[in-house]
Amino acid sequence: MAMPSSSLSSQIPTAAHHLTANAQSIPHFSTTLNAGSSASKRRSLYLRWGKGSNKIIACVGEGGATSVPYQSAEKNDSLSSSTLVKREFPPGFWKDDLIDSLTSSHKVAASDEKRIETLISEIKNMFRCMGYGETNPSAYDTAWVARIPAVDGSDNPHFPETVEWILQNQLKDGSWGEGFYFLAYDRILATLACIITLTLWRTGETQVQKGIEFFRTQAGKMEDEADSHRPSGFEIVFPAMLKEAKILGLDLPYDLPFLKQIIEKREAKLKRIPTDVLYALPTTLLYSLEGLQEIVDWQKIMKLQSKDGSFLSSPASTAAVFMRTGNKKCLDFLNFVLKKFGNHVPCHYPLDLFERLWAVDTVERLGIDRHFKEEIKEALDYVYSHWDERGIGWARENPVPDIDDTAMGLRILRLHGYNVSSDVLKTFRDENGEFFCFLGQTQRGVTDMLNVNRCSHVSFPGETIMEEAKLCTERYLRNALENVDAFDKWAFKKNIRGEVEYALKYPWHKSMPRLEARSYIENYGPDDVWLGKTVYMMPYISNEKYLELAKLDFNKVQSIHQTELQDLRRWWKSSGFTDLNFTRERVTEIYFSPASFIFEPEFSKCREVYTKTSNFTVILDDLYDAHGSLDDLKLFTESVKRWDLSLVDQMPQQMKICFVGFYNTFNDIAKEGRERQGRDVLGYIQNVWKVQLEAYTKEAEWSEAKYVPSFNEYIENASVSIALGTVVLISALFTGEVLTDEVLSKIDRESRFLQLMGLTGRLVNDTKTYQAERGQGEVASAIQCYMKDHPKISEEEALQHVYSVMENALEELNREFVNNKIPDIYKRLVFETARIMQLFYMQGDGLTLSHDMEIKEHVKNCLFQPVA
């Protein structure tokens, strides 16, 4: 049976066959080759630049070597059958002295290596300890639980430990609440709840008086805080408690205009709530039943009790229901929470889905997820086991889904290969196409809209709900950036503005893992707090250990990258490529590509091969584009097909340098590839390049003939000539995985996955370079070819069509990335190569003009600048 042409065991002659054929046709090296004529002794022929000389050293295996004079390009090009046209490119921005000076002074010391190991172990333990959610005490909710009278009928609290906690945890200023973070709304609410509870139990007179004094002096500060900083349900529960305090005779400033305004807001809100809605289905009103006691039908409300006995996971709301109904499930829930926390309760519990999703998101965005693969899988398996097509909330039995947890879950689960539908977002869309946090409500905040926006970019073809979500959230977030009061409804983060700016500027297809990690290290707050009914913290989400590990790990990896870059620069110079005057020297920018996405230390060889192969695609693209005659280019192509050094003498001098460097490099790559793959790969590499050079040649023929192909004809060839497939197919040999024929069939040139990578790369390249290339005489681009097919449309319309085709292809690429059943590293190679193209050509030709574009800053941040 004939093997597929893409197979590693294709019908390309073996390395030994090539050696024999080449030995007969290269007279300059016949003596050396004959010395190793025995088949058992044959080794691949390779060439080296002689150190400190203009000579090529020809070597056979580990045997002897002979050298022949080789004139540098600037001295003699008289052998050229045509004169190469010199095209001016901006010089390389990253100079040798800078690269050579990188001594990796920030290399991780032995003590830091030990610290990294310790942090990894501690974070693994955090994941293992995730149960129902770790969070801080809520003085407000604890005060409500402390109100419950003993069920035995005695005149005592049922949970005396909670009363004692209130007595022992008043802050120095007389308030109750989270001492770490001051929010007037939060402190006033918690303080009011505590002084009412202590008054009801006729205890803690000193604490009550201090609390009243705090209230009187600080209540006015609420007026200065943004409405978006008001805790959930504040306008419902605060006026109700204020009324209760007045009945108890507490000396509070009830006549403050601001307090009267809050009372008026409560009355207006209650008028807007139809009575039947309260009992029809679970809503966020269940979260604040303690503030609705005068209107609740307690018998009807019990139909909306959660399976765990709570009302929307709120201890305060559940305590209020229990005091009204004596429901045993309510008491069981409160006992369950106190068993976990001892003498206090949080503002909501459990928080199991929220905690797991955000912890996974944290380690992924910080770039340290590779250390926690098993823990991440366990966390996501847990979340998926509680996934609901209506959406999810912060807890597994929460009956009211929210868009924040749902969008985070949809995005992360989808990217990890779980089968989840985007239809889940329809739960949160109103009749006007707007998205909100909860069904039937108009609340939304920056953090939840940011998560919906991030989710919308992992869309599949035909998912209109994702496109609607993208447009809605982009509009909301851009407006939020202009409104200082918009930050934020649900969280107080170190730099949520920075997170939003990054997400809008570098959406999913333009955001590389190392760049996102660098950005999030700067934006991540280990002390971030969230806002529910009160301020609360999530120590397994916001934790200094994550940040410390991220910084140490980033700098460690960066030091490895710097050493690799130095080696690659030496390879470039030793290959004689500094003598080439027709091409771009972009070793650093090209190395940045794999370093930005396959950054892990174990993929060092893959990055090296990726960079070397990519450099050759640039050299040969420049050669075939405008700097070689068609005859010379055909000769070069034939030399590669035959792997034949005898044709070198017929080449122009600079083309000789290209071919010799090419020949040397890929013989070396093939040798190591054979060791890694356990079989010969030279024929495979030759075949990959054969297809590539044929695509280059076809474009050269079009250019010489001034031929403009149809759009489809152009795309078929240009998706190959962009050379991304060549880079990936050769680099894939060095991922540490054995590249089986089965895997190869799913990423070869016939696979949809690779085709989409090439298509999106070609289209984004054309949109940013077609005008400049047209000015240089190029006649074919996606835009020009589409205009040829549709002569009545404008250039702008053609450009927009190309963008549309690209966006659709990127959605299909998402689906291939998620659903392709191959090892993750191969999926990453293909998908991230497509993404890096979107980044490089975001502003313009980011490769050629890198010195004048943001790509320069990305290179610096990824490769040169350590994080502090």
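Glycine too: its Cβ is placed from the backbone N, Cα and C atoms.
Residues or ranges marked as transit peptide by Swiss-Prot on the basis of sequence analysis: 1-70. Among the features that Swiss-Prot reports, substrate binding site is placed at Lys269, Lys489, with the record citing similarity to another entry. Residues annotated as motif 'DXDD motif' in Swiss-Prot, with a curator's inference given as evidence: 402-405. According to Swiss-Prot, the Mg(2+) 4 binding site annotation covers Asp402, Asp404, on the basis of similarity to another entry. Residues or ranges marked as motif 'DDXXD motif' in Swiss-Prot: 621-625. Annotation source Swiss-Prot lists Mg(2+) 2 binding site at Asp621, Asp625. Per Swiss-Prot, Mg(2+) 1 binding site is recorded for Asp621, Asp625. Residues or ranges marked as Mg(2+) 3 binding site in Swiss-Prot: Asn765, Thr769, Glu773.
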Asp621 (Mg(2+) 2 binding site) versus Asn765 (Mg(2+) 3 binding site) - Cα distance in angstrom: 13
Asp404 (Mg(2+) 4 binding site) versus Glu773 (Mg(2+) 3 binding site) - Cα distance in angstrom: 45
PLDDT averaged over every residue in the motif 'DDXXD motif' (621-625): 90
Candidates Lys269, Asp621, Asp625, Thr769 (binding-site residues) - the one closest to Asp404 (Mg(2+) 4 binding site) by CA: Lys269
Other same-chain residues whose Cβ falls within 8 Å of the Cβ centroid of Asn765, Thr769, Glu773, the recorded Mg(2+) 3 site, in sequence order: Asp766, Lys768, Tyr770, Ala772, Glu778, Ser781, Asp845
Binding-site residues compared (Lys269, Asp404, Asp625, Asn765, Thr769) - the one with the fewest other Cβ atoms within 10 Å: Lys269
Residues near Asp621 (Mg(2+) 2 binding site) in space but at least six apart in sequence (CB under 8 A): Tyr696, Ser721, Ala723
Within the motif 'DXDD motif' (402-405), residues counted as helix, strand or coil by DSSP: 3 helix, 1 strand, 0 coil
Cα separation, Asp402 (Mg(2+) 4 binding site) to Lys269 (substrate binding site) (Å, whole number): 21
Residue pair Thr769 (Mg(2+) 3 binding site), Asp625 (Mg(2+) 2 binding site) - Cα distance, angstrom, rounded: 13
Between Asp402 (Mg(2+) 4 binding site) and Asp625 (Mg(2+) 2 binding site), the C-alpha gap once rounded to whole angstrom: 54
Candidates Asp402, Glu773: member of the binding-site residues with the richest Cβ shell (10 Å): Asp402
Collapsed DSSP category at Glu773 (Mg(2+) 3 binding site): helix
Helix, strand and coil totals (DSSP H, G, I; E, B; other) for the motif 'DDXXD motif' (621-625): 5 helix, 0 strand, 0 coil
